[in-house]
Amino acid sequence: MDRETRALADSHFRGLGVDVPGVGQAPGRVAFVSEPGAFSYADFVRGFLLPNLPCVFSSAFTQGWGSRRRWVTPAGRPDFDHLLRTYGDVVVPVANCGVQEYNSNPKEHMTLRDYITYWKEYIQAGYSSPRGCLYLKDWHLCRDFPVEDVFTLPVYFSSDWLNEFWDALDVDDYRFVYAGPAGSWSPFHADIFRSFSWSVNVCGRKKWLLFPPGQEEALRDRHGNLPYDVTSPALCDTHLHPRNQLAGPPLEITQEAGEMVFVPSGWHHQVHNLDDTISINHNWVNGFNLANMWRFLQQELCAVQEEVSEWRDSMPDWHHHCQVIMRSCSGINFEEFYHFLKVIAEKRLLVLREAAAEDGAGLGFEQAAFDVGRITEVLASLVAHPDFQRVDTSAFSPQPKELLQQLREAVDAAAAP
């Protein structure tokens, strides 16, 4: 991040604090970025991160990736032989697209060898099977094979706090491989923690249906539930979906092989594989969508508290139990969110102390200064939140208010001429 881009981003957020503006109606079409050499990190910040809008990058951005060279046949189809030789005995998670479990699909685990055997038989049977349409989803290949030459992280997505945090703990990540036959799909959803995501088709094509933040509310049924499938004729039933006519049309994207889709924070979407497809997908959070993550966590806690409100007066340590339930349902609670902020903050404070000024998109002075500013805003809101004040922070180091003071001093120092 250069100085001019940081100034623009700081100015954008100065009036917002931890508020999250809506996007409103989807734009008429998705922007297409064709030339890597003509599109900078600053361009991405101005055009897409700040306004929280989607875009598609051309296949030129991924042409050097190892996965595109080795996982794909000359005809552009999945290279099953290579995948079997390299990963055949790896156990992978597989979803059944034909079975609805709440608003998702149930998963089973099998070896990649067994899944590819199924996939081949599915193709040979005219894309049909008594087992249904199975879709390999959420395979942590990069976590399990960290030295594999699979992809090169695009510079636009290099500020990735989620994976920076989980890499520091060395227990998990939010980098996934998806692979499935034509007709496999992912139901309507928004990404975890209201993160950004990027998705590259190593081979095959996808159809995306995207709705900007807030538009999903008009799609809820009369019970308040979001739809499982936004293409279902049931949405036309005005008795079941009384507000559906208020929903704007989705933004549609047909993503070709090699192309990269940027999905903004909080955009609900549904994705269909039009061909036999392999994709690489990352979820990521940084200073540009941190407030969205924080608002989402507050909403999740409120939902938990409402669900168990009848035990509020009778259950000892009710607030603590709500945090436990929240972590079980959402993958994180207020305590872990503080540790997430702390890990990123301490790394950025170190950069600022070393005054490692540099241009570009790397973790230099300007990027660290912007990050510290955003963490300060959100941490101040977290520290002031009544439910965080009930969390036992006696073992935290540093104490939340101490870290907040360090950050405020760093913000003042970074702003000094």
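Note: Cβ is positioned from N, Cα and C throughout, glycine not excepted.
Reduced to three states, the DSSP call for H269 (Fe cation binding site) is strand. Here Swiss-Prot flags H189, D191, H269 as Fe cation binding site, drawing on similarity to another entry.
When pLDDT is averaged over the domain 'JmjC' (142-301), the result is 96. Residues or ranges marked as domain 'JmjC' in Swiss-Prot (evidence: sequence analysis): 142-301.
Comparing local CB density within 10 A for the binding-site residues H189, D191, H269, the maximum falls on H269. Taking the mean position of the Cβ atoms of H189, D191, H269 as the Fe cation site, the remaining same-chain residues with a Cβ inside 8 Å of that point are S186, F188, A190, S197, V263, W267, H268, Q270.
H189 (Fe cation binding site) carries a strand DSSP state (E or B).
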